[in-house]
Amino acid sequence: MNTIQGHVVAEGLKFAIVVARFNDFITSKLLDGAEDTLLRHGANGDDIDVVWVPGAFEIPYMAKKLAETEKYDAVITLGTVIRGATTHYDYVCNEAAKGIAQSAMSTGVPIIFGVLTTESIEQAIERAGTKAGNKGSESAAAAIEMANLNRTFR
């Protein structure tokens, strides 16, 4: 039996990070975690491009555009959607998730879902570097692993 795993070594890989500006007091912390993880695992700072978009709903469009350039080994998406009093939350979460998955499948480039979907501001803060770790960092580690796996099958 053969086991194939991706390695968490970012040297020689190129990454794009799409970050939603909405709730930037959270998304900026996710970005810090992602950049730190990429650099600690050997990525060159010049091989990391960060693109800011207005909100989570706009993430899939930009992620797909970046993946289609064939410049990147992986695209990381970062955003924060916090439940409010209306159904807007449900639409944004569902469409962002669906759009990101469709973009990855249609381009053949790993696009990592790093969009927080939380019930409260407190939950978002916990996932941006306090109690529950930093989901931006976790997304970057997943991007490195998937980029290496993807190279295995080219």
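Placed from the backbone N, Cα and C atoms, the Cβ positions cover glycine too.
Listed in Swiss-Prot:
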BINDING   PHE22, ALA56, PHE57, GLU58, THR80, VAL81, ILE82, PHE113  5-amino-6-(D-ribitylamino)uracil binding site
BINDING   ALA85, THR86, ARG127  (2S)-2-hydroxy-3-oxobutyl phosphate binding site
ACT_SITE  HIS88  active site, proton donor
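Locations of recorded Swiss-Prot features on the structure.
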residue : record                                           : CB count, 10 Å
PHE22   : 5-amino-6-(D-ribitylamino)uracil binding site    : 17
PHE57   : 5-amino-6-(D-ribitylamino)uracil binding site    : 19
GLU58   : 5-amino-6-(D-ribitylamino)uracil binding site    : 18
THR80   : 5-amino-6-(D-ribitylamino)uracil binding site    : 28
VAL81   : 5-amino-6-(D-ribitylamino)uracil binding site    : 24
ILE82   : 5-amino-6-(D-ribitylamino)uracil binding site    : 17
ALA85   : (2S)-2-hydroxy-3-oxobutyl phosphate binding site : 6
THR86   : (2S)-2-hydroxy-3-oxobutyl phosphate binding site : 8
HIS88   : active site, proton donor                        : 12
ARG127  : (2S)-2-hydroxy-3-oxobutyl phosphate binding site : 23
PHE113 (5-amino-6-(D-ribitylamino)uracil binding site): tally of other CB atoms within 10 A of its CB: 19
The recorded positions listed are ALA85, THR86, HIS88, ARG127; by CA-CA distance, the one closest to PHE57 (5-amino-6-(D-ribitylamino)uracil binding site) is HIS88
Spatial neighbours, same chain, of ALA56 (5-amino-6-(D-ribitylamino)uracil binding site) - Cβ under 8 Å, 6+ residues apart: ALA20, PHE22, GLY79, THR80, VAL81, VAL92, CYS93, ALA96, VAL115
Pop the Cα-Cα gap between ILE82 (5-amino-6-(D-ribitylamino)uracil binding site) and ARG127 ((2S)-2-hydroxy-3-oxobutyl phosphate binding site) into the table, whole Å please. 12
Please classify the secondary structure at PHE22 (5-amino-6-(D-ribitylamino)uracil binding site) using three-state DSSP. coil
In whole Å, how far is HIS88 (active site, proton donor) from ILE82 (5-amino-6-(D-ribitylamino)uracil binding site) when you measure between their Cα atoms? 10
